[in-house]
Amino acid sequence: MERPELQNEPVSVEGTISEDLSLPQKDQEEEENTDKANICADPDSSSDMKAETCKEREDSGDALPANESAAVCCHRDQVPEKEGGEGETTSAAGTSDDLDPYAYAKDGKYTTENFKIEVRNLPRYAGFAQFKKRMVNQGLTPHKVKIIQRDNIAFVAFRCEEDRQKALEVLNSHVWKGCSLSASKSNPAADPLVKKRKEREESGAGSSQKRARGNDEDDEDLPVKDRLLLAVTPLWNIPYEEQLKQKTESQKVVLGKLSRAIENVNPGLGSWVVQQRKQYDNMCCKLEDITPSPILNNYRNKNEFNIGISPEGKEKTIGFRLGRYKGGSCTVVSPYDCPNLPDTAKDMVRIFQTYLEQSTRSGYDTEKHQGHWKQLTVRTTQGSEVMVMVQFNVQDLSEEEIDKEKQLLKDYFSIGPGKDCGITSLFFQAHKQRRPGDEEASHQLLLGKEFIQEKLLRMTFRISPDAFFQVNTLAAEVLYSKVADWCDFTKDSTVLDVCCGTGTIGLTLAKHVKKVIGVELCQQAVEDAKVNANINGIDNAEFLCGKAEDILPDLVRRLYGTELVAVVDPPRAGLHTRVISVLRKCSNLTKLVYVSCNSQSAMPNFIDLCRPTSNKFKGAAFRPVRAVPVDLFPHTRHSELIIQFDRTQST
């Protein structure tokens, strides 16, 4: 799964990162949502953040430099949506509100930014999980937590003023690890796009047209096509062999950091680490040659397209954003030049572009939170099946008006000009402003089947709208085959598949082992996994729905004495620390294969697996014995990394 790149800012990342419902867009690693501290959650952001399946933080795209997964969606629903139905998009510059980065917090709409505090004098190296636990133990109910470790400060957002006032009373002068905390009210964060625009207005940099469109400054002099390719596939013009070298080097850096971290946190493994570093070029284990993707172009089977304004000012353009909202960019460019998209997905964009142009409803304005047509998601298979999901912001439309839009959409693709375009499943998602704790709106089937089916390793898998499935099917076959080779199981082995999604990894291993048990947070994904087992005639697989940290304690007790192998394939943020703790405690688990879509973000997991025995991590430590990158995302900077961890004897 593709995941975002880390920020330069040192931030604690011990929880899962959830879609922020109330802040201006920030890179995900900055924010920790305490409601979803379990991780099971694609590469690639907003709706793809799986509503919340155990891994869909991939498909949203590589958090990417902008859209680098080619499926990047605009997460900027984070600023509360404003009233207004079909209001036309107004000029981005001109009025005082247009240049006020804090206007979103003053318009009377709900945002937790208005209930935020700043906490100073935190203990050195205080982590997110520790601080959250401390606050909860004091009777507080934090909604979001951001820790800036270098300054020993934290920003905490609450759901209401009453919760904030209680936190101020409790945390002021509260002593933690010898440090007396100080807490004060904090101002809302600035809207990054408006802040960037204001800076440009004040400096006079660039034409008013460019300022109005919010284009990224770095590449704005390049042709639009080149800017799009750099945003979506930044390595597009580099020979593939060189791409593989760059990806290998980035994973070498990760394994070098891990070797130093293990040496620091576990002195008992110190001599072993020193020997490993001498033998493997300063890395903690052997890094095998990167496994290339068997397909370089047209490989993405899931793509999320934004609907917005083009650099030329054309409204309701379907495609990808040229940059991050945080970088001041909202413009959308048609995706036809992207090499990693299949022709079928591009064809769907063309036909929907035609439909939107004749629609009386406007496109959704990410900045003003006005308009309706927001996002188009296209899932394709190696066969001929095509699933399309349309996200429509209902604003203040009545149910009758919404039903009319659904009927118009259905008619266009059933009896109208779009009836022969090849769509086999058409879904409508009525999107609206959400408050903390609200669930993502469900997908309503308008036309065709409720799911599509894909072939992988001579098996058939059912895929529902929210289900996770690797975006490069042929490369996923290579990835899963490598996992099978590394598990080193026997016919008596039980495979524990943590964050199993629709069961792809576990089911491909089932014929080689005694039992497969998958754990997944998303109920629909679990249902798909069960169906997939039945479709493929597999009767030795069991799938459990819930948070991994809640399910695993009882499960591993049940599996005590079995020959156990664990495979984990979590989202970008990695596993919750409680999951690592449970896996460590399971003494009959001697081998763990970790599939990481973002090895930088997963570093805390790697380190926790290798920590010495303690009250928190009661089992003997693991240690990395070998690793291999697998390229699932040609032309981007990202690759999967498989690491095999073996249990040590006593440390």
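We count from 1, first residue shown onward.
Positions of Cβ are set from backbone N, Cα and C atoms, glycine also.
These features come from TrEMBL:
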- 1-98: region 'Disordered' (REGION)
- 47-60: compositional bias 'Basic and acidic residues' (COMPBIAS)
- 74-85: compositional bias 'Basic and acidic residues' (COMPBIAS)
- 184-221: region 'Disordered' (REGION)
- GLN470, GLU520, ASP569: S-adenosyl-L-methionine binding site (BINDING)
- CYS597: active site, nucleophile (ACT_SITE)
- CYS597: active site (ACT_SITE)
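Features recorded in TrEMBL, as mapped to the structure shown.
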residue	record	Cβ neighbours (10 Å)
GLN470	S-adenosyl-L-methionine binding site	29
GLU520	S-adenosyl-L-methionine binding site	32
ASP569	S-adenosyl-L-methionine binding site	29
CYS597	active site, nucleophile	29
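Here the C-alpha separation of GLN470 (S-adenosyl-L-methionine binding site) and the residue listed as 'active site, nucleophile' works out to 11 Å. For ASP569 (S-adenosyl-L-methionine binding site) paired with CYS597 (active site, nucleophile), the C-alpha to C-alpha distance reads 8 Å. The record assigns GLN470, GLU520, ASP569 to the S-adenosyl-L-methionine binding site, and the maximum Cα to Cα distance across that set is 16 Å.
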